[in-house]
Structures are given as C-alpha cells and as structure tokens.
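Trainee: Here it is: the structure, laid out below.
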C-alpha cells in the first residue's frame, strides 16, 4: 500500500511540476504550485514526518495564498484566465483519491519526537525571535513594494 501511494504521489508531483512550468496563465500556475506543495506534504506523511508535513503546508501554501491574492487583485480580470468549472470537478476527485491512499494510523516516528516537536516552537521564539521579526517585517515590506510598483505600471 505504501509503495502504491508513493508511486501515485510521485507521479502527481512530476505532473504538477510540469504543469507549473508550462502553464501560460499565472493563476493556473499558482494553483498547480499549491497542489504540488500539498503532494510534497503527503510525501512527508508517507515518510512518517507529520511535523514537517504541517510545516510545509503552513509555510509554503501560506506564501502561495499571498501570491494568489496579490495576483488576483493587481491583474486585469481578462488576464487572470481562471475558469473554475473543470477544477471543481477534478479537485475533489484528486483529494479523495489522495486521502484514500494515505496510510492512516501508521507511525514510525522515534519515541522522543513528541518532546522535540512541542519544544521546537518555544526554542525558535525564545532564541530566534528577533530574526523571525526581521523576516516578517521584510516580507511585509517587499509585499507593499511589489504592490506599489505593479499598481504604478498598471495606472501609468
């Protein structure tokens, strides 16, 4: 079962990465990238790394959602190229198939991994809080700068 899930997820990963590269529309490319990150997270679950799976989903898909929001708000509607009819049919089928292939209840994690996972957040925010703050401010400043430059190109 694990081998079958590995091959299915690997095949979908390759297909999503090719779709990201060759998609001509920004919204389609970002949606394919979103599913690519979900599939990488599923691969981490197969490898019995649930913490990395959740971190992957939160960090990377959070960034992709920000990109989707900025792209949708700054591009003219006719250039977005998003027609969700096909996606509404394909997406639930893919997600149900992926959920059925994942091995629920199987863990091979080390015995001390729970202690490490629970202390990781405390460690990061106590020792690296300034670095996390600087990264957050830098990301917000770059987002505001990108919005400013794109808006000035659209208006001018």
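These residue numbers are counts, starting from 1, taken along the chain as shown.
For all residues, glycine too, the Cβ spot is worked out from N, Cα and C.
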Trainee: Among 87-105, 106-124, indicate the range for which TrEMBL gives the feature transmembrane segment.
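Mentor: The range carrying the transmembrane segment annotation in TrEMBL is 87-105.
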Trainee: Ranking 6-23, 58-75, 125-150 by the number of C-beta pairs under 8 Å to the transmembrane segment (30-52), which range is first?
Mentor: 6-23
Trainee: Below 8 angstroms Cβ to Cβ, which residues of this chain, lying six or more residues outside the transmembrane segment (58-75), approach it?
Mentor: 26-27, 30-31, 33-34, 37-38, 143, 146-147, 150-151, 154
